[in-house]
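Trainee: The structure under discussion is supplied below as structure tokens; questions concerning it will follow.
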Amino acid sequence: MGVRGALHLLLVCLSPALLSAVRINGDGQEVMYLAEGDNVRLGCPYLLDPEDLGTNSLDIEWMQVNSEPSHRENVFLTYQDKRIGHGNLPHLQQRVRFAASDPSQYDASINLMNLQVSDTATYECRVKKTTMATRKVIVTVQARPAVPMCWTEGHMSKGNDVVLKCFANGGSQPLSYKWAKISGHSHPYRAGAYHSQHSFHSELSYQESFHSTINQGLGNGDLLLKGINADDDGLYQCTVANHVGYSVCVVEVKVSDSQRVGMIVGAVLGSLLMLACLALGIWGLICCCCGGGGAGGARGAFGYGVGGGVGGGACGDLASEIRVDAEAPGCKASGRGSRVTHLLGYPTQNVSRSLRRKYAPPPCGGPEDVALVPRTASASCEAGPSPVYIKVKSAEPADCADCAQVEQRSCKDGLLV
């Protein structure tokens with residue numbers, strides 16, 4: 001009994017030392033996936049038991065344990081004797097600090113800012129008083145997926161096979177590819193719209209959906225549509241994701257019917273052929289009108305047909321003959337006209353001179369200057385009306401002597417040629 005009692009007394013005396021006086025709240029180990037460029041808080045809140053409220057100093061250390069085989073520990077932040085110190089990791093000195101202004105107030109958490117892929121490691125928090133407590137956080141920093149490229153391969157006609165291609169040229173592996181039909185007649189492929197691992201809106205959680213897409217064998221980003229038809233029309237969205245983010249691209253599938261396309265092409269070609277024939281016919285009519293405009297009748301000097309029809313003067317200067325079949329009023333030899341003129345105070349001779357000046361023929365020129373000039377005869381005319389036939393032919397310009405002869409030619413039936 002004496003030996004047993006002594007042993008029991010020894011265990012009672014040593015029990016406070018065997019108990020942990022410093023305790024850190026939370027799990028002993030945490031795994032985190034973080035995106036490049038983000039900020040994170042690595043928690044390390046702790047408690048001190050009454051046995052540890054003595055005068056012993058409080059020491060806090062944060063160290064980085066690399067995943068190398070050596071598992072080298074690098075202390076990068078400390079708190080000792082109410083002083084904060086930075087360790088031997090210069091690339092972390094400007095990006096890490098304690099979350100609390102006084103870490104001795106039961107909070108040894110730190111803020112790590114502007115994360116880099118090289119920050120992937122295991123971070124360990126150690127709080128020492130009379131005893132020591134530790135906590136580890138496994139941090140994996142990844143780059144978000146780059147914006148992918150989407151395209152199709154294959155002819156989009158009814159009954160053919162089409163491959164939808166999707167590829168992201170950036171982002172940390174592993175990358176998962178998920179296709180979803182976002183518009184059209186049906187939705188055979190379910191889409192998951194999410195911005196981060198904490199806001200994944202779907203029937204499945206973010207992690208479950210991520211691993212399920214990997215198991216579906218869509219790692220290469222290809223989706224095969226076999227024997228496409230009108231039901232496959234629509235927009236297809238490719239989502240590239242990893243543990244820290246996602247990116248999307250959209251491609252359109254529009255199935256065409258080969259027979260319908262042939263009909264449309266035939267209709268277009270037929271319309272063009274009809275338009276060409278119509279234009280050719282109009283051009284032929286214009287050429288015929290310009291070339292045979294004189295068939296409707298003879299044209300005068302100014303392009304007007306005298307015997308019927310209007311000549312096309314714009315189509316060319318053609319020689320023409322003018323035939324006037326009209327009866328001119330006769331000039332009777334009675335003295336009634338002379339009496340009227342005497343009554344009006346105009347002698348016959350003066351009237352003849354005034355008319356001669358008014359209706360004098362123009363100077364001799366080309367064929368286009370020929371004109372018919374009515375003139376009152378000074379001599380006596382034969383009684384009774386009689387038809388007058390005048391035939392004017394294009395000729396070379398006459399000289400002035402001929403003009404004088406025409407001026408002095410005797411009149412017949414009251415008209416001067």
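Cβ from N, Cα, C; glycine included.
Taken from Swiss-Prot, the feature disulfide bond covers Cys44-Cys125, Cys166-Cys238. Annotation source Swiss-Prot lists domain 'Ig-like V-type 1' at 22-140. Feature annotation from Swiss-Prot assigns domain 'Ig-like V-type 2' to 145-256. Residues or ranges marked as signal peptide by Swiss-Prot on the basis of sequence analysis: 1-21. Residues or ranges marked as topological domain 'Extracellular' in Swiss-Prot (evidence: sequence analysis): 22-262. Taken from Swiss-Prot, the feature topological domain 'Cytoplasmic' applies to 284-417. Taken from Swiss-Prot, the feature transmembrane segment applies to 263-283, supported by sequence analysis.
Let's see these features in context: how buried, what's close, how far.
Mentor: Cys44 (disulfide bond) is surrounded by 26 other CB atoms, counting those within 10 A of its CB over all protein chains shown.
Taking the Cβ of Cys238 (disulfide bond) as centre and 10 Å as the limit, one finds 25 other Cβ atoms among all the protein chains shown. Under DSSP, Cys238 (disulfide bond) is assigned to a strand (E or B) in the three-state scheme.
With a cut-off of 8 Å between Cβ atoms, none of the residues of this chain six or more beyond the transmembrane segment (263-283) come close.
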Trainee: Pop the Cα-Cα gap between Cys125 (disulfide bond) and Cys166 (disulfide bond) into the table, whole Å please.
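Mentor: Per the Cα atoms, Cys166 (disulfide bond) and Cys125 (disulfide bond) stand 43 Å apart.
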Trainee: Whole-number Å distance between the CA of Cys44 (disulfide bond) and the CA of Cys238 (disulfide bond)?
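Mentor: Cα-Cα, rounded: 40 Å.
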Trainee: Determine the mean pLDDT over the topological domain 'Cytoplasmic' (284-417), rounding to the nearest whole number.
Mentor: 48
Trainee: Whole-number Å distance between the CA of Cys238 (disulfide bond) and the CA of Cys125 (disulfide bond)?
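Mentor: Given the Cα positions, Cys238 (disulfide bond) is 41 Å from Cys125 (disulfide bond).
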Trainee: Three-state secondary structure of Cys44 (disulfide bond) from DSSP?
Mentor: coil
